[in-house]
Amino acid sequence: MKSPARLGLTGGIGSGKSTMARLLQAEGADVIDADAISRRTTEAGGKAMPAIEKTFGRAFLAADGALDRQRMRDHVFANPDARHTLERIIHPLVGDEIRQQTEASISPCIVFDVPLLVESPHWRPQLDRVLVIDCSPATQIRRVNARSGWDAATTEAVMRNQSPRAWRLAAADIVVFNDTDDIALLERAAKALAMRFGL
Ligand SMILES: CC(C)(COP(=O)(O)OP(=O)(O)OC[C@H]1O[C@@H](n2cnc3c(N)ncnc32)[C@H](O)[C@@H]1O)[C@@H](O)C(=O)NCCC(=O)NCCS
Ligand SMILES: Nc1ncnc2c1ncn2[C@@H]1O[C@H](COP(=O)(O)OP(=O)(O)OP(=O)(O)O)[C@@H](O)[C@H]1O
């Protein structure tokens, strides 16, 4: 059997990665979503929670034992050492689950939706192509405010903890510019990508 095409999908916060991932899924791709996997490890009883409680303390847990996401967000995006500590707990668990989902896939195209793809050097050799969803910083701030209610300072703090836009663009094989809220444009791009990647 021909091995599946492996497409990395990344972009800054609010760029439209998850939206593109959903469109590619509708075209028949298997999407492996690192954010979703990460969130599962930090639910109540999640695999990351014992180490998070031990390292950061009970104050970072909500009443039900899940991660207090807002508290951790405020902490780690203002403190790179704490972010690295959290990543050292979560990323290996996410990596294990990504490997399992990859092995289970039977699609001709697997899309790896990974916010920190450009930041992690191990990713590129595992992929056939890297697709970057790009938009301006002002659009990122506007979208995250509309979607999640975060103020500009909160989104900017996350953006400062991600690769600069120029680095992501330099790492891209394919760029989809997604600066206007035009879903039809993104749908057309997804259909073209689906053809190109055997769907
Ligand atoms: C800090 C946390 C608790 C904040 O949770 P919250 O629900 O507010 O945000 P959510 O998880 O939905 O992430 C929103 C966006 O923030 C950005 N982001 C998340 N983690 C990171 C990070 N470590 N570095 C840079 N940007 C990040 C991504 O663009 C992501 O799509 C959470 O993001 C987290 O646990 N991060 C560490 C794990 C991680 O690196 N995840 C990224 C994919 S593996
Ligand atoms: N082309 C578009 N047309 C309409 N809405 C869009 C478009 N692109 C993105 N959006 C909206 O912008 C918001 C952010 O998009 P999305 O969640 O896909 O970004 P993301 O890159 O996955 O963000 P995060 O890094 O925070 O997970 C969502 O509410 C989404 O519906």
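Each residue, glycine too, has its Cβ placed from N, Cα and C.
The feature ATP binding site is assigned by TrEMBL to Gly14, Ser15, Gly16, Lys17, Ser18, Thr19. Of all Cβ atoms in the shown protein chains, 25 besides its own fall within 10 Å of the Cβ of Lys17 (ATP binding site).
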Which same-chain residues, if any, lie at least 6 apart from Thr19 (ATP binding site) yet have Cβ under 8 Å of it: Asn178, Ile183, Leu186
Neighbourhood of Gly16 (ATP binding site), C-beta criterion under 8 angstroms, separation at least six: Ile133, Cys135, Arg143, Asn178, Leu186
DSSP-derived class (H/G/I helix, E/B strand, else coil) of Gly16 (ATP binding site): coil
